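In case it's useful when we look at the structure, here is the feature table from TrEMBL:
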COMPBIAS  454-482  compositional bias 'Basic and acidic residues'
COMPBIAS  489-504  compositional bias 'Basic and acidic residues'
DOMAIN    18-447  domain 'Major facilitator superfamily (MFS) profile'
REGION    454-504  region 'Disordered'
TRANSMEM  16-36  transmembrane segment
TRANSMEM  57-78  transmembrane segment
TRANSMEM  90-123  transmembrane segment
TRANSMEM  144-163  transmembrane segment
TRANSMEM  175-194  transmembrane segment
TRANSMEM  265-286  transmembrane segment
TRANSMEM  298-321  transmembrane segment
TRANSMEM  333-353  transmembrane segment
TRANSMEM  359-377  transmembrane segment
TRANSMEM  389-411  transmembrane segment
TRANSMEM  423-445  transmembrane segment
Amino acid sequence: PPPANTRRASSPPDGGWGWVVVFGAFVSIGFAYAFPKGIAIFFKEIQDFFGTSYSEVTWVSSIMLATTYGVGPISSILVNRYGSRPVVMFGGLLCGIGMVSAAFCTSIMQLYICVGFITGLGLALNLQPSVIMIGKYFLKRRPIANGLAMAGSPVMLCTLAPLNQFLFDSFGWRGSFLILGAILLNCCVAGALFRPIGPGTASVKTQVTKEGKGALKQEVTEDAMEISSPTNLPMENKTEEEEDRDCCEKINQYLDFSLFKHRGFLIYLIGNVLMFLGFFAPIIFLAPYAKHIGIDEYSAAFLLSILAIVDIVARPTTGIIANSKWVRPRIQYFFSFSIAFNGTCHLLCPLASSYTGLVVYSVFFGLAFGMVCAMLFETLMDLVGAARFTSAVGLVTIAECCTILLGPPIGGMLIDTFGDYKYMFVKCGLVMVLAGTFLFIMNYYNYRVLAKEEKERKAKEEDPKTVRTENEGRKNWIKETTQDGPELEPLREEQAGPKKEVNG
């Protein structure tokens with residue numbers, strides 16, 4: 001077993017340098033979530049510049065979001081291999097390169113590659129390590145830390161929405177992309193704050209594994225010396241099987257595919273995949289919708305700022321409520337309610353035909369959006385635990401990227417087909433209400449099954465005690481009779497005689 005010092009080093013400190021890590025996660029998560037939404041300010045102008053439709057322009061944000069979520073397993077593997085700090089710094093460098101190269105694009109396809117894929121890949125390398133790092137530094141205060149870190153998204157969105165409009169008016173969309181590429185390099189600074197925790201545990205583990213491997217090698221060589229040459233073939237087969245098992249164990253170290261047998265994880269995965277089909281489209285089309293009904297550009301961008309300001313308050317508040325003793329034991333129900341509430345806001349959005357109505361919609365949308373985002377990863381960690389959280393995040397994000405990729409373009413197709421935005425909002429609202437209802441019902445079923453399994457486990461722990469004691473008594477009585485009874489030896493010899501004759 002590892003010494004006491006390494007145990008102390010590996011336990012989450014729940015404070016100290018952890019709050020600096022929260023600030024770094026605040027910056028990196030803020031850019032990862034807010035940048036694909038804030039860039040929607042340029043969509044109207046990019047559409048006019050390249051002569052494309054709504055659905056074609058929205059592929060820029062869709063590819064960026066899908067790459068951010070789909071590269072989750074690769075990000076998790078890199079974090080397990082190299083740590084969070086170098087991965088986040090490399091991601092920030094990719095973000096800057098993607099946006100600077102996008103300033104020189106001459107076609108919409110080049111924007112898909114530079115903004116969508118390269119910048120999305122950099123944002124993915126910022127998102128996953130930041131969430132994982134908070135889980136390593138916090139345990140008791142983890143919901144509050146997650147809420148504060150997730151507040152980076154509305155703060156960045158509140159800043160980027162008017163900033164992007166100002167940059168476009170001053171420098172055009174090409175000059176704006178150059179400046180945004182320089183701003184995204186701040187993710188490298190945020191990644192430098194992710195100091196690894198528990199450095200002593202890794203060395204101890206490597207020493208233990210090396211000693212264990214050395215002992216196994218000695219045992220194998222000793223056994224090989226004792227066994228004769230004709231029996232070496234089974235030994236080689238065993239080593240090949242062990243090598244196959246080692247390969248599977250190495251894969252499972254990075255991505256634990258046994259999570260697909262976890263009932264709570266599957267419920268969470270199905271509900272989230274359905275939810276993301278309508279999660280990002282409304283916030284991407286909010287500013288274009290305001291411009292479509294005749295609202296000026298700065299007022300349309302200010303709607304995103306209103307949404308973000310409410311989101312700033314909603315995320316930490318939701319984290320505090322989720323950390324309370326009344327909500328945390330049943331946090332899955334709270335998460336389901338937040339998704340259904342978000343969908344209800346979208347269903348009521350077509351009723352807002354004036355700027356005042358859109359402001360009211362933005363307020364409620366910001367509240368619902370912040371509630372969902374604050375508990376998005378906390379509910380997953382509540383289901384699978386901190387040990388399997390890294391693999392769970394990677395598997396969930398790669399499954400979610402399909403619906404994230406298709407959500408905004410489907411909304412754009414509805415707008416191009418009907419010439420009205422209300423069908424897009426209704427579609428997103430229905431999908432999210434359905435996802436929230438599904439999660440609520442299935443989590444209720446999961447809690448009932450878990451309670452039943454817990455009762456059965458306790459019953460099995462209590463009942464077999466008497467059976468085990470009786471079986472152990474019988475075995476001991478048989479041993480005593482066979483050891484202490486010399487009168488049974490003639491019978492054994494008589495029974496052994498016919499067996500030897502038969503064998504002969």
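First residue shown is number 1, and so on along the chain.
Here the Cβ of each residue, glycine as well, is placed from N, Cα and C on the backbone.
These figures come from a predicted structure and were not determined experimentally.
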Below 8 angstroms Cβ to Cβ, which residues of this chain, lying six or more residues outside the transmembrane segment (265-286), approach it?
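Counting only partners 6 or more residues beyond its ends, the transmembrane segment (265-286) has Cβ contacts under 8 Å with 36-37, 40, 43, 58, 61, 65, 69, 259, 300, 303-304, 307, 336, 339, 342-343, 346, 349, 358, 362, 365, 369, 372, 376, 379-380, 383-384, 392, 395-396, 399-400, 402-404, 406-408, 410-412, 415, 421, 424-425, 427-432, 434-436, 438-439, 442-443, 446.
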With pairs fewer than 6 apart in sequence excluded, do the transmembrane segment (423-445) and the transmembrane segment (333-353) have three or more C-beta pairs that lie under 8 Å?
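Checked: the transmembrane segment (333-353) vs the transmembrane segment (423-445), in contact.
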Considering only Cβ pairs under 8 Å, which range in 16-36, 90-123, 359-377, 389-411 makes the most contacts with the transmembrane segment (423-445)?
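The stretch with the most contacts is 389-411.
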What is the average pLDDT across the domain 'Major facilitator superfamily (MFS) profile' (18-447)?
79
Do at least three C-beta pairs under 8 angstroms join the transmembrane segment (389-411) to the transmembrane segment (57-78), pairs 6 or more apart in sequence?
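Judged by the Cβ rule, the two regions touch, with the required three close pairs present.
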Mind checking which residues of the chain, 6+ beyond the ends of the transmembrane segment (16-36), have their Cβ under 8 Å from one of its Cβ atoms?
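Non-local partners: 61, 64-65, 68, 88, 91-92, 95, 119-120, 123-124, 126-127, 129-131, 133-134, 137-138, 145, 148-157, 160, 180, 184, 186-187, 189-195, 280, 284, 308, 373.
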Which range wins on Cβ pairs under 8 Å with the transmembrane segment (359-377): 57-78, 90-123, 144-163, 175-194?
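Between the stretches 57-78, 90-123, 144-163, 175-194, 144-163 has the largest tally.
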Who are the long-range neighbours of the transmembrane segment (57-78) in its own chain, taking Cβ under 8 Å and residues 6 or more past its ends?
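Beyond its ends, the transmembrane segment (57-78) has Cβ neighbours at 32, 35-37, 39-40, 43, 46-47, 87, 108, 111-112, 115-117, 119-121, 123-125, 127-129, 132, 254-255, 276, 280, 284-285, 390-391, 393-398, 400-402, 404-409, 411-412.
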